[in-house]
Number of protein chains: 2
Amino acid sequence: MSQKTNIPKGTRDFGPQEMAKRNYIFDTIKEVYALYGFQQIETPAMETLQTLMGKYGEEGDKLLFKVLNSGDFLSKVSDEELQERNSLHLASKLCEKGLRYDLTVPFARYVVMHHDELQFPFKRYQIQPVWRADRPQKGRYREFYQCDADVVGSDSLMNEVELMQIVDTVFTKFGIRVQIKINNRKILSGIAEIIGEDDKIVDITVAIDKLDKIGLENVNAELHEKGISDAAIEKLQPFITLAGTNEEKLQVVAETLASSEIGQKGAEEIKYILQTLKTIGLNNEIEFDLTLARGLNYYTGAIFEVKALDTPMGSITGGGRYDNLTGIFGMPGLSGVGISFGADRIYDVLNTLNLYPQETVSSTKVLFINFGEEEATYCMQVMVKCRQAGIRTEIYPDAAKMKKQMSYANAKQIPFVALVGENEMRENRITLKNMKTGEQQQLTAEELYDKLKS
Amino acid sequence: MSQKTNIPKGTRDFGPQEMAKRNYIFDTIKEVYALYGFQQIETPAMETLQTLMGKYGEEGDKLLFKVLNSGDFLSKVSDEELQERNSLHLASKLCEKGLRYDLTVPFARYVVMHHDELQFPFKRYQIQPVWRADRPQKGRYREFYQCDADVVGSDSLMNEVELMQIVDTVFTKFGIRVQIKINNRKILSGIAEIIGEDDKIVDITVAIDKLDKIGLENVNAELHEKGISDAAIEKLQPFITLAGTNEEKLQVVAETLASSEIGQKGAEEIKYILQTLKTIGLNNEIEFDLTLARGLNYYTGAIFEVKALDTPMGSITGGGRYDNLTGIFGMPGLSGVGISFGADRIYDVLNTLNLYPQETVSSTKVLFINFGEEEATYCMQVMVKCRQAGIRTEIYPDAAKMKKQMSYANAKQIPFVALVGENEMRENRITLKNMKTGEQQQLTAEELYDKLKS
């Protein structure tokens with residue numbers, strides 16, 4: 001009997017329909033990245049553990065998939081080491097390689113390794129799977145694609161502006177209405193500086209974020225609970241009650257942070273980005289949001305996040321500026337700014353809102369029905385020209401019953417079926433059936449190409 | 001100082017230029033696969049070892065990359081097992097997953113697992129990396145892409161015909177002149193049957209293959225050395241001296257194999273394929289070659305291989321029919337026929353013959369020079385429309401020295417540079433410089449879009 005077949009938990013097969021949709025997502029993002037001068041690179045699935053370890057914190061190290069050394073993997077392990085049964089230590093003896101955990105560390109490694117060949121500012125994009133030994137759950141997988149673009153070697157805020165344009169263009173192409181939220185790490189640092197609570201900045205932003213839901217009084221109570229001094233809470237009030245247009249908010253922030261050099265710098269950066277984007281014009285709304293905090297330990301300048309407006313879903317895109325991409329590999333001073341589209345979530349949003357263009361999910365345009373060897377050979381000559389005209393064309397490979405061939409066309413959602421029997425061959429005509437309307441037409445080969453090409 | 005960065009041996013980074021060329025190869029193959037009704041699928045990089053082991057022979061099992069179980073991977077291993085230090089046994093205790101070794105076994109697993117959802121005949125293509133712990137050497141990597149297409153669930157020879165058309169179309173698109181060699185496993189079985197040397201068929205084809213180089217006498221001597229009986233060698237003579245057109249060769253083979261049922265069947269199959277292809281017409285030559293033997297233990301019908309005519313290189317594409325794809329997973333009776341393009345070798349051939357189209361390797365079409373904040377903001381408004389017109393457009397993000405910006409354009413092989421200074425802003429004009437000819441033109445924004453769109 002059948003050997004039980006399965007795949008590792010947390011991984012997925014993608015069938016033809018899913019792949020067509022995923023390709024639509026990746027191709028759209030690629031096209032826009034390229035329009036902005038980003039170039040694609042790829043790095044190997046496996047990196048040395050030396051490259052990967054210690055880059056994602058202790059928890060991250062545990063989530064790395066490690067690859068057993070080939071050959072006699074025990075040769076470097078002593079009997080004592082085996083008996084100790086120290087998993088962490090033994091893993092480092094048994095394995096030298098691991099699967100990449102994200103695209104950022106491999107990219108940093110790439111930049112350091114190929115530094116002399118690269119032209120800076122270097123604009124690269126990368127769309128590849130990553131692997132994490134996370135506990136699988138709904139929407140969280142052990143293998144998933146990341147779609148990253150980064151510019152390294154330029155401090156210019158024009159890069160931030162262009163990344164916002166990329167977000168706007170991609171989601172406009174998808175037909176997904178989004179809200180872009182933007183903030184700046186320097187502003188958050190400025191606030192921490194002003195109120196003298198540097199280490200509580202995450203607690204503070206979390207509390208501020210609840211204002212709409214729980215009201216000012218409760219926000220202040222929560223801040224108090226978290227151990228923030230009354231004096232600090234007092235100084236926080238202008239930030240908590242921050243409202244109005246982006247310009248109005250910026251005005252308040254700039255005034256309130258007047259005595260913080262870093263805070264002022266952050267406010268100026270946001271101001272430049274928002275003003276330039278206003279001049280250029282975006283289709284989607286961009287909002288200065290002081291409660292946006294993402295990845296505090298990593299980012300050093302602008303940070304942004306994108307949410308879909310018409311369906312509840314977490315952040316579907318995000319990114320920001322970091323001062324020191326390659327410092328972890330001993331090459332300091334290279335700053336960068338990057339963006340990452342969440343392909344799996346975008347996939348779900350497009351499904352929920354039913355936004356896939358029809359041509360994305362349809363594959364073959366016309367199926368030729370097989371009435372036997374002679375007819376089939378005749379058809380194949382017509383099909384050569386169909387394909388030369390770029391028309392996706394199939395013939396059912398066996399002279400099976402009509403019903404079977406028709407149900408194949410239906411299952412594959414093929415919109416047209418071409419029938420060439422004895423009569424058609426004699427008259428040099430092709431009967432073309434529209435599978436949706438049922439309408440049939442007798443066409444010459446040339447008429448067929450013209451009709452299907454469109 | 002800089003931490004030493006490297007990647008696992010036998011693996012590669014692909015930079016922007018290499019990726020552009022590789023994408024050209026993959027996109028061309030994908031486009032042709034789709035023209036013939038093949039649909040893309042993807043499977044996970046990791047498969048269970050149960051799926052992978054025992055499918056590639058003992059040698060293949062050793063070349064599988066195994067992934068260490070997450071968490072406490074020692075928990076299922078006893079002290080005795082540890083002390084025994086049996087690598088093979090311990091690997092099976094420490095690892096449940098491995099990296100895929102090819103695309104065929106995962107595809108077979110996919111077909112069995114998703115059997116009920118699939119429409120047969122099922123035409124799928126798959127372009128993904130595979131991993132093998134082979135000793136790395138020139139042209140052999142531990143991570144490389146395979147580009148496979150297969151039809152399963154149809155015995156029709158029209159599938160073979162279409163695969164030959166696919167080969168012909170792909171290499172015509174590449175501009176690579178090729179010779180397609182075709183043979184049939186059933187003919188080889190027929191020969192073995194006729195001469196009574198079933199187990200020597202590989203030795204025989206290897207010897208026959210040398211006829212051109214070493215002459216008939218030496219071929220016969222080699223056959224004798226290999227232990228083939230004189231009577232068998234006598235019977236082999238018509239096959240060894242087989243020459244002429246495909247039709248002439250087929251004639252001889254059919255007559256000589258008259259008493260072998262399977263041999264006759266093979267000859268009829270080749271005849272149908274070649275005759276149909278003649279009616280349809282190919283750009284490249286296809287040759288019936290009795291010495292083609294590839295993968296004897298795997299294929300059961302037609303087999304084929306493709307070689308470039310204008311540069312020495314091994315087989316760059318191959319494939320054939322197999323009777324029982326999914327039998328290894330307990331689902332017998334599903335036959336298939338498949339093809340695999342060797343992307344790495346095609347890459348080398350295209351490089352050697354310098355056949356990459358110019359537009360493949362160029363990325364950005366126009367770079368706007370940055371003269372300062374005001375000018376840059378002006379440019380970015382023009383650039384919005386460039387990008388809407390599908391023109392790949394960049395602006396240098398910093399107001400750096402002209403020389404630096406120009407050398408960036410040169411390094412990235414950007415063909416046009418746009419200059420907007422004070423004068424241009426006043427007159428609403430853009431100066432466009434052709435980087436190849438040095439020619440400069442003053443254009444309106446609309447003229448610019450028109451010129452660059454082409």
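In case you wondered, yes, glycine gets a Cβ from its N, Cα and C as well.
Where the annotation comes from TrEMBL, it is an automatic prediction and has not been curated.
Here TrEMBL flags B:Asp102, B:Leu103, B:Thr104, B:Arg132, B:Gln146, B:Asp150, B:Arg294, B:Tyr298, B:Tyr299 as L-histidine binding site. According to TrEMBL, the domain 'Aminoacyl-transfer RNA synthetases class-II family profile' annotation covers B:1-350.
Of the listed binding-site residues B:Thr104, B:Gln146, the Cβ environment within 10 Å is emptiest of other Cβ atoms at B:Gln146. Cβ neighbour count for B:Asp102 (L-histidine binding site) (all protein chains, 10 Å cutoff from its Cβ): 17.
Note on B:Arg294 (L-histidine binding site): other Cβ atoms within 10 Å of its Cβ, all shown chains, come to 17. Mapped onto three states, the DSSP output places B:Asp102 (L-histidine binding site) in coil. In the three-state DSSP assignment, the secondary structure recorded for B:Tyr299 (L-histidine binding site) is coil. Secondary structure at B:Gln146 (L-histidine binding site), taken from DSSP and collapsed to helix, strand or coil, is strand. The L-histidine-binding residues named in the record, B:Asp102, B:Leu103, B:Thr104, B:Arg132, B:Gln146, B:Asp150, B:Arg294, B:Tyr298, B:Tyr299, extend over a maximum Cα to Cα distance of 22 Å.
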